[in-house]
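Trainee: Got a structure for you, written out below as structure tokens; questions coming shortly.
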Amino acid sequence: MIKRKKIALIGAGNIGGMIAYLIRLKNLGDVVLLDVNDGIAKGKALDMAESSPVGKYNGEILGTNNYADIEGADAIVVTAGITRKPGMSREDLINTNVNIIKEVADNIGKYAPNAFVVVVTNPLDVMVFAMHKYSKLSSNMVVGMAGILDSARFSYFIAKELNVSVDNVNSLVLGGHGDLMLPLVKYSSVAGISIADLIKIDLITQDKVDAIIERTRKGGEEIVSLLKIGSAYYAPAESALLMIDSYLNDRRLILPCSVYLKGEYGVSNLFVGVPVIIGRNGVEKIIELELTEQEKNIFDNSVKLIKNLVSNV
């Protein structure tokens, strides 16, 4: 009998709960849903378990507040932490969330040192840096989810502007998860046609593209301002799940993720969003793209901000 994969979700809020549901929907493995609020984790787990006879979901789901229950997990997604409220930046969350990540990292190092860890907690590039530092896990096994989400937003806005299927759109966003992210227009396309060529044939204007880039950078803030009492969770959950799926099933997808750089893009000892191949060994390859001078300046400014934010972590 093939042993089922064990996936631990640290944080049973909106994102953690949604990931748990998607794991069961796609039958990726058994789930441990952990939260300091024991009732939330157990309540959501029981609710999902009771849906099994209707949805015909196989696999176990456990709600808990005991880190010992994540022992031997194959993959872990960390969403624990406070979320943004209207008017807050991701950076406003640093002090509180770093302390939360320290505790989570210590327990992952203790109970699941061989797991592939995806960090979702904001500010993302700082939290994944802290996770790597305090968990002592290998850098290829600790990644941050941001670029997939940012790229998805960029793709969606392009598709809506052109009134075409989102299936036709491929895009790529690099850099930090914030206002200095770098949507790469030259590496983005619609049905294989570059955005630059679409501008040339007047299917979209440069002004529209620029507006979409800015909306992408403010994508999370837009949702926070609408929700009032929370932040995005459907798209972040789908994005994190794609990373876990690529790892557990060795799909070797090329995905933009926040990863530890060792000289790539002229950056060392920081986690920054770049395209990578994720397979059964975690981050298997970092893909270095050629950037224009303008793109490099934006990327470097994003890196400077990340470097400043992690200086006291």
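Numbers run from 1 along the shown chain.
The backbone N, Cα and C atoms fix where each Cβ goes, and this holds for glycine too.
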Trainee: Given Swiss-Prot annotates G11, A12, G13, N14, I15, G16, N97, V120, T121, N122 as NAD(+)-binding, which of D35, D38, D74 belongs to that site as well?
Mentor: D35
Trainee: Looking at the binding-site residues G11, G13, I15, V120, N122, which ones sit with their CA no more than 10 Å from the CA of R84 (substrate binding site)?
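Mentor: Candidates kept after distance check: N122.
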Trainee: Using R153 (substrate binding site) as the reference point, find which of the recorded positions G11, D35, V120, N122, H177 has the shortest Cα-to-Cα distance to it.
Mentor: H177
Trainee: Which of the binding-site residues G11, G13, I15, D35, V120 has its Cα nearest to the Cα of H177 (active site, proton acceptor)?
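Mentor: Of the binding-site residues G11, G13, I15, D35, V120, V120 has its Cα closest to that of H177 (active site, proton acceptor).
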Trainee: Any same-chain residues 6+ apart from G11 (NAD(+) binding site) with CB under 8 Å of its CB? Would you list them in sequence order, or say none?
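Mentor: The answer is L34, D35, V78, T79, A80, G81, T121.
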